[in-house]
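K.L.:
Before anything else, here's the structure in question.
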Amino acid sequence: MTKADTIFKENIRRILKEGVFSENARPRYKDGNVANSKYITGSFAEYDLSKGEFPITTLRPIAIKSAIKEVLWIYQDQSNSLELLNDKYNVHYWNDWEVGDTGTIGQRYGAIVKKHDIINKILQQLAANPWNRRNIISLWDYEAFEETEGLLPCAFQTMFDVRRVDEDIYLDATLTQRSNDMLVAHHINAMQYVALQMMIAKHFGWKVGKFFYFINNLHIYDNQFEQAEELLRREPSDCQPRLVLNVPDGTNFFDIKAEDFELLDYDPVKPQLKFDLAI
């Protein structure tokens with residue numbers, strides 16, 4: 001069993017056994033009912049990408065290309081436009097979070113990246129001094145939250161560090177997430193930011209190192225318990241999936257495309273499970 005599958009099953013068991021139920025929940029299902037969840041706090045995982053440990057489960061199929069396209073929308077296009085996400089990338093799952101009739105998700109994610117010129121600053125800082133301890137992406141912007149409505153960022157902070165091992169430089173990343181839908185979004189979010197880490201590493205010709213993943217509130221919604229039990233019953237694939245970025249070292253961050261990524265040795269258990277999202 002892969003490390004990701006072991007962690008996935010352990011977290012499902014912990015939530016079902018030790019978790020507590022939410023109170024005064026904000027999300028709603030599409031039928032209007034309150035989307036309560038069972039949750040644990042303070043979840044942490046570590047993956048050594050350089051040793052082939054990737055945070056993707058084999059217990060169900062994960063839409064990795066759509067996940068990577070979302071990252072490009074946020075950090076390359078630096079956009080909150082749903083039209084761009086739909087037309088350029090054929091990704092539609094953000095449409096349920098449209099703010100009014102604006103055609104956007106509000107001043108969130110890519111809009112914050114653009115507002116503060118975050119990616120250019122990170123690349124400039126890493127170029128000037130890779131060993132500085134201030135390479136932080138933060139999407140938590142109270143001023144923007146007051147400016148428009150919209151879902152507050154779930155994956156809101158990423159930190160980068162480098163390590164020299166022998167003659168190689170490794171880029172490590174730490175993703176902090178305030179809230180995570182364990183069964184639906186856990187591995188999507190993790191692999192998105194692994195992809196971002198790989199893009200930055202390629203930009204500088206570095207190797208990818210470790211990926212650290214902290215989640216404050218890790219939950220399973222109350223309409224997902226049957227799917228959770230099914231995932232626990234499933235036997236994972238024996239293969240260790242790995243994501244590769246097929247571009248030369250030194251490729252500009254903004255020139256990398258979703259098609260440049262390839263997920264190898266991925267043979268997830270089927271059929272896919274159905275989930276009704278909480279909005």
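Using the three backbone atoms N, Cα and C, a Cβ is placed for every residue, glycine included.
The model shown is predicted, which means the values in this text are computed figures rather than measured ones.
According to Swiss-Prot, the feature active site, nucleophile maps to Cys154. Look at Swiss-Prot and you will find Arg133, Arg134, Arg178, Ser179, Asn180, Asp181, Asn189, His219, Ile220, Tyr221 tagged as dUMP binding site, backed by sequence analysis. Look at Swiss-Prot and you will find Asp181, Ala278 tagged as (6R)-5,10-methylene-5,6,7,8-tetrahydrofolate binding site, backed by sequence analysis.
I would like each feature placed in context: is it buried or exposed, what are its neighbours, and how far apart are things?
P.N.:
Long-range Cβ contacts of Cys154 (active site, nucleophile) within its own chain (separation 6+, distance under 8 Å): Gln177, Arg178, Ser179, Asn180, Ala185, Asn189. Reduced to three states, the DSSP call for Cys154 (active site, nucleophile) is coil.
Sequence-distant neighbours of Asp181 ((6R)-5,10-methylene-5,6,7,8-tetrahydrofolate binding site) (same chain, six or more apart, CB under 8 Å from its CB) are His219, Ile220, Tyr221, Ala278, listed in sequence order. Mapped onto three states, the DSSP output places Asp181 ((6R)-5,10-methylene-5,6,7,8-tetrahydrofolate binding site) in strand.
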K.L.:
Cβ distance under 8 Å to Arg133 (dUMP binding site), same chain, sequence separation 6 or more: which residues?
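P.N.:
Non-local contacts for Arg133 (dUMP binding site): Asp161.
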K.L.:
If you pair up every Cα among Arg133, Arg134, Arg178, Ser179, Asn180, Asp181, Asn189, His219, Ile220, Tyr221, the residues annotated as binding dUMP, what's the maximum separation in angstrom, rounded to an integer?
P.N.:
37
